[in-house]
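> Have a look at this one before I ask anything.
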Amino acid sequence: MTDECLAVPPVLGWAVLTGGAVALFATYWDEAWHTDIGRDSAWIAPHLLLYGAMAVAGSAIAAWGVRTWWTTRSLRTALRYQPVLVAGLGGAATLVAAPIDQLWHARFGRDAVLWSPPHMLVVFASSALIAGLIAGMPHHRRAMRCAASILLFGNAIAVVFEYETDVPQFSETLYLPIFLATGLAVAWVARAAVPVRAPVTTMVLGYAVVRLGIAAALAVLGRSGPDLPVAVLGFALVDLPLPRAVQRYAAGAAGASALAWAAAAAGLSSQSPDAVTIVALPTIIVSVMVGVVAGGFGRRGVAVAGAVAAAIVVAVTSTPVPAHAHDPGQGAPRGRIELVADSDDARTISLRATVADGCGGLAASRLVARRAGGTVSAALRAEPGCVFSGRIAVPTEGRWFVYVEMLRDGQTLEAWVAVPAGHSAHVAEVRELYVPARAGSADRPVQIAAGAMLYLLGLALLVAGARVVRRGPGAGPTGGVVAAR
């Protein structure tokens, strides 16, 4: 059986890539919707677009699987054809993650962060789907392979898109290590699978164009957009004609770190310059060390430099803080509330909340601001006319999620609004006052166990995707290669 016989047909391959691109846009639109509008339902426009795009991609993968079955005349042989198997498993896990996510929020409460296990399962599984698709493409389909690498990069780098849309949920020092690890991993895939002269450069330039298009579309829709994709361009240095692979990837890490640092310092990105510096400076130093020792001291020097780099990453990422940022919309509604917030250059935010449906039994609790795992609280005062007000100072610039918390019959009620701090701004929104869903202490072991299982499943899919790409086009039913490159 030849590679061409089992390869994904162009019409199906492009259907998957188109659906994936639309899903990527819908993901950014959904994040902007959550931030700008607040609570939502499963039937908002970004969700419907996302579901539709996933259905198109999943249907195309399913059609490829059926075609493979028909071609081989054997279900067992079709299931042993690794590209379609990995893509199919990735697609199935992506679809299953949606109801798991709903159950997760309902059971465990506020966990709106991208890094929650159901969300990360989507990222891992969809990345495996794209990897399987790439492995199933004929080697001469250069345009399709380039497009797939761009989609894979966009899908994978979405693990840090909360940082790049100014809604960080964890410490900002975590941004750059995860950005670098993800970008370099996809750069490896591009160099292994995209048969052009500069595959990584082609990939990051294509992704930059896609990101600019997403930002433009969100601006037309009147929604918040992501940062300019400056740092990703540094990965192009992986294509430098250096003698050792480790030198090329060190160059890519240094280039991306330097551009991330420069973008933060120049205000072109929403990351804290101090947080980026903590990681960027040692990364650049270690990358230079790797480049030097790899060229002159062989494998032992590379091992030493790699150990230093690993120590830095462990030191930076070993103390993540809990996520307590904006609520995704879960929780029983208890009426409408108008939130009016004003911020100034001194990073002080004043908020005035007016309960629209009457405030009988409501008592003021506190005013809370959350960003990047940090929480600041202040007093909330009750005033005549069902008005509650407070004033809070936040320690850093950027978008803060400011909550009013109230009490009624022993229950906590809350509502929030996103407010930019560090410059003069006025925000007025009508939101729902709701009872937040929270996980009880008895649920914690279940949450940890379930989360670990979802992460392990996602990582297993990633490993399968990496293996099938490494084996090249046409990883065949016997585990070998159907047709050599």
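Any Cβ shown, glycine's included, is placed from N, Cα and C.
Automatic, uncurated: that is what TrEMBL annotation is.
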> If you check TrEMBL, which stretch out of 78-98, 225-245 is marked transmembrane segment?
78-98
> Quick test of your reading of TrEMBL: among 7-28, 359-380, where does it put transmembrane segment?
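Of the candidate stretches, TrEMBL labels 7-28 as transmembrane segment.
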> Transmembrane segment per TrEMBL sits at which of 118-136, 403-421?
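So the range that TrEMBL calls transmembrane segment is 118-136.
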> Take a look at 78-98, 173-190, 202-220, 275-295 and tell me which one has the most Cβ pairs under 8 Å to the transmembrane segment (7-28).
202-220
> Looking only at residues six or more beyond either end of the transmembrane segment (48-66), which have a C-beta under 8 A from one in the stretch?
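Answer is 8-9, 12-13, 15-16, 18-20, 22-23, 25-27, 29-30, 78, 84, 87-88, 91, 94-95, 98, 129, 133, 136.
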> Do any residues of this chain, six or more beyond the ends of the transmembrane segment (118-136), have a C-beta under 8 angstroms from a C-beta of it, and if so which?
6-8, 13, 16-17, 20, 23, 57, 61, 64, 82-94, 97-98, 100-101, 104, 145, 148-149, 151-152, 155-156, 158-159, 189, 193, 454-455, 457-459, 461-462, 464-466, 468-469, 471-475
> Can you tell me which of 78-98, 143-161, 173-190 gets the most C-beta pairs within less than 8 Å of the transmembrane segment (275-295)?
173-190
> If we skip the immediate neighbours and take only residues 6+ beyond the ends of the transmembrane segment (173-190), which ones have a Cβ under 8 Å from one of its Cβ atoms?
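Result: 131, 134, 149, 152-153, 156-157, 159-160, 163, 199-200, 202-203, 231-232, 235, 238, 249, 252-253, 256-257, 260, 271, 275-276, 278-280, 283, 313, 316-317, 320, 466, 469.
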